[in-house]
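Taken from TrEMBL, the feature domain 'MIP18 family-like' applies to 9-76. Residues or ranges marked as ATP binding site by TrEMBL: 112, 113, 114, 115, 116, 117, 118, 119.
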Ligand SMILES: Nc1ncnc2c1ncn2[C@@H]1O[C@H](COP(=O)(O)OP(=O)(O)OP(=O)(O)O)[C@@H](O)[C@H]1O
């Protein structure tokens, strides 16, 4: 007959995709019993790991059925471990998070849905922080639309790689005062998005720890939209100063932003505040005019509901889009424009909230 130790042994091979730790060590699988030819165990995943449920259950079933003498597996669902789990530390952040040598603060930019201008905000925030004299890195982790190389005018450049084997390091590309690496530089743009997902965790870690960031006051991370693996991977990998949530004022965008905000809270990542983008349209020929194309007040409501600051209300202006496409972000190409002033204010308010030693 199979022993509990043998069952535990095969289950210990299954890992949390984010931290790489064994699910048994995390107590996500426990209470293992062997009843003749059947193994029973409890599966209790914390909220942020629910996306891994099917994979973990499938791998566990397969691993146990591969043992001689086992022909049935029963999974009991349990309450998530209250502590220990992924190593909940003081603020609920996993204890095994590993900081990046030389990088003082990591700030993520996230949105509930795509197309709200998250990359535009991340790039202009990074440039505005650099304009304030900080040494800034930008990690473009958006697998669905890695736009940072275009927005910084370096889409045709290939990053230099130094060293070989385990010591290999990618040198970020410098542009507009910011050192940048992008998913776009590693992912085949013709590869279907569904195949990119599983690579995410590995690539994010590679970018964090195998890029030559040097000394950086701030590393801004442009995350893909939504509440998926990239958010988890980043949250589990590195200690973060916080996250900026980008939304547009309309309801559908706000609902998704709420989900994102709640997820970061659950992960123990401080939410620095809300940046409302496309707050109002400013026509090029009448700069004093404002048209609330997507409604108004959404960002303020979201911020108030979660008791976080409304960090900026960035208007919709043609130079923002032109700046993005031409590789000169608006804080550089039109620093006096209404949007650039909001981006500069955003950078100041973000800085007020994180302690930098610049
Ligand atoms: N405030 C703004 N005014 C004018 N155009 C804007 C503004 N913000 C973003 N845009 C434009 O909207 C488009 C989408 O922006 P962006 O790529 O930053 O969105 P995103 O949320 O990162 O999208 P995705 O997540 O799908 O990559 C771009 O063409 C960008 O130039």
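Cβ coordinates come from backbone N, Cα and C, glycine included.
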>> Other residues near the ATP site, CB within 8 A of the CB centroid of 112, 113, 114, 115, 116, 117, 118, 119?
In response: 111, 225, 246, 248, 253
>> Suppose we screen the binding-site residues 112, 113, 117 by Cβ distance to ligand 1 with a cut-off under 6 Å; which survive, in sequence order?
In response: 117
> Taking 112, 114, 115, 117 as the binding-site residues to compare, which has the smallest set of other Cβ atoms within 10 Å?
Replying inline: 115
> How many of the residues that make up the domain 'MIP18 family-like' (9-76) does DSSP mark as helix, as strand and as coil?
Replying inline: 22 helix, 20 strand, 26 coil
> Judged by the number of other CB atoms within 10 angstroms, which among 113, 118 is the least packed of the binding-site residues?
Replying inline: 113
> With every protein chain in view, how many other Cβ atoms are within 10 Å of the Cβ of residue 119 (ATP binding site)?
Replying inline: 26
> Where does the mean pLDDT land for the domain 'MIP18 family-like' (9-76)?
Replying inline: 87
> How would DSSP class residue 119 (ATP binding site) in three states?
Replying inline: helix
